[in-house]
């Protein structure tokens, strides 16, 4: 009887939800076998259900939530006993359409935080999960959330709890008027003047990706574009775009990586594999916020490009994208345009599930505006501080705004791990945040196993890497702290707040017996100078680009002991000298501006370059051909600080990365080799004069 009642309740929820444009959340808490037995009698259709679990249940096979983005389901079933990735929870919930039900099979609410923490990879001494306690607190009494506890009578729990049916049914209009405007704006990019990129912003569920597909179909059908590329993390994440193209162009044919209509093509290409020299009429970049700034700049070299990004959601922070990429757009493409999709399409604007998840995962969290010139104070927060939603929302909102890749998992780790949160405050406003993660303190036995490649324990990212590459156990056995995140609100930057946060972090690390403080991040030219200016040494550069950022990982560290002072100085010299040998094979995709930024760690002048300066002077005076001077010019590029010099990147591309004259001319919009060489001569003349002024020649 109980099973029949639950199935009837769920079917009623579906009917009401479809009419209201709402989605609902049902917790089924109790022993795992009991919950599965209860659900076995429910009418759950496999083809319209997304299961998150470690193993198949109820005849359903688990699927990866991130590969289902862009698809729609009537039911999402989360087995919280085995599926604890909170990013996947939120991603899966976003695939539910109106009338959809999110079913969560979980332990009893009182026991769940302890179970969650015991099975979490967020290392901590906490017995239970603060993150999950807060999550459940948000669920209690929330509209559209239902809780079935195995210890209570199910009929009594479900009676008189159905949502109210709206007087008039919700009817979405597809495509929406906002989508029509977006498609028109995309068409103007394809047909109008070149170098006027479009940025599409929206929250999830607003039809952003579908709009790309509708626009592609229109442009292919009318013969305006022959070849359109759509770039995204995976082809599955742009399924909605391809569905629209197939529906609107039924006579076309789909193939592995795209769609063909007559002699026109709509093709998926990984953003890291796109050939910018290809004959693309138009390029779409979906979820642009998950791509590094340097790669986005590469896209700007194409004359017709459309960027789409999620503002609040699980695919990446569109707000970080706004702040960091907007400056580049204003500088390099001042006539760029922006359009927003505000109205949800898969559910109504007052959908209770979206409201509930937004509050629980702080999707709309924003830092408070502050006077950038006001005095600030820096302090270390405790767990009681983070239990206050007003403080937590400001901290997390700032991290989301300042970083591209912030997710619900970051919120979980911040609350459940042993991290240290340091904030800068102006009055009641938090204007800066630094998150420290303890590392090291590993046993001698474990450190040896790490060095030999036999063990890779979770966490201790920098400690493990340094111990392994240097075959020295001191890095793993010594206590250290890693700066996991650091952010300052845009209005308060360049007032010493970031430097102040690092100083307090360094003091905290010293007091707690750390031998060094470190960080690991995507190596980009806008981030590297900050660390070098604050006394950190560049120690290691990854050999592979990160799949989401497109950048190589860089480890920096600052010594807090004499032993580490010597070690880090030596390691930085080895890294910088080694780059001259690895840029043609290991780091062949490294951006020139990253090499320029790293060059700031080099000595201003090495005595052994004296003869190379003479050759460079003769090249500038026209006495030597480029080929005759190339070796000396290359050694200078490898050895000197080029930061701040005009055309430093051009020299890197020509001498270190080995680009040919035609590619260099195209990159800098020059007429040919003579124009490129003129810029090179000007650069090296400037460098020679600088060193003469410094009386070093």
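Glycine residues also receive a Cβ, built from the backbone N, Cα and C atoms like all the rest.
Residues or ranges marked as ATP binding site by TrEMBL: 179, 346. Secondary structure from DSSP puts residue 179 (ATP binding site) in a helix.
Marked as domain 'N-acetyltransferase' by TrEMBL: 376-559.
A sphere of 10 angstroms centred on the C-beta of residue 488 (acetyl-CoA binding site) encloses 25 other C-beta atoms. Per TrEMBL, acetyl-CoA binding site is recorded for 486, 487, 488, 533.
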Three-state secondary structure, which DSSP defines for residue 346 (ATP binding site): coil
Greatest C-beta neighbour count within 10 angstroms, which of the binding-site residues 346, 533: 346
Pairwise Cα distance for residue 488 (acetyl-CoA binding site)/residue 179 (ATP binding site) [Å, integer]: 35
Cα-Cα distance maximum in Å, computed over every pair in 486, 487, 488, 533 that the record assigns to acetyl-CoA: 16
Conformational class of residue 533 (acetyl-CoA binding site) under the three-state DSSP mapping: helix
Integer average pLDDT (0 to 100) for the domain 'N-acetyltransferase' (376-559): 92
Among 486, 487, 533, which are recorded as binding-site residues, the nearest neighbour of residue 179 (ATP binding site) by Cα: 487
Close in space, distant in sequence - residue 487 (acetyl-CoA binding site), Cβ under 8 Å, 6 or more apart: 398, 399, 401, 402, 403, 432, 433
Pairwise CA distance, residue 533 (acetyl-CoA binding site) versus residue 346 (ATP binding site), rounded so that it is a whole Å: 48
